[in-house]
Amino acid sequence: MPEEASFKNLREGERETRKEIILNAAVKLFNAHVFHEVGMRDIAAEAGISPATIYRYFPSRDDILVEALLQDINRIEKRLDTLLGGKRIGMEDLAIEVVDYFLANEPTFHMMCHFLTSGIVDAEALKKFKLIQEYFLNMFNMKLKQIKGKSHDVFYTHAFFASVTGVVLTFLHYPGLNKQKKKEYMHRLALAIIKEGVELSV
């Protein structure tokens, strides 16, 4: 019996390793190419497996995106913990941090927008994304409470995140500005949102 359990654990370990290889291949391609031009065959080729094999691990490209987003949520949470740990910061600092994270991790931003805006998403993957979205907003709300106090309303968290995300979405590919100028402009817009909305209440 112990040998059977060990074999099962080994097989499960191998499966997780292969899933990780596929995820890494997908993220690499999303970094190098236009997001919507990357398909399952491209990911399979990058991972060194056949197109048929990839479907044993992920039923659709959307499932790969959900898994990749889940990994990013963990990274974002750790980054915010580091930002908040041991020093006093304001809403302005958090707004800039969100903008900078999305700019530095553009594939993550595109994956998130895919689920938020696309009308053609795998149903099961969409369910998983909604759970991730709920977890993220709750986590983000807890971080804002550390800054604003326990009386902070979740409504403000939703308004804050939607507004800052909208800034990045609107000006990510804005013509006539280089990357640095766009970044500086997004910072100004995010700070303006915080300044104008600081007294927001329901």
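First residue shown is number 1, and so on along the chain.
From the backbone N, Cα and C atoms, a Cβ is placed for every residue, glycine too.
Per TrEMBL, the features are as follows:
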DOMAIN    16-76  domain 'HTH tetR-type'
DNA_BIND  39-58  DNA-binding region
TRANSMEM  155-174  transmembrane segment
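Mean pLDDT of the predicted structure over the domain 'HTH tetR-type' (16-76): 90. Per-class residue totals from DSSP over the DNA-binding region (39-58), listed helix then strand then coil: 15 helix, 0 strand, 5 coil.
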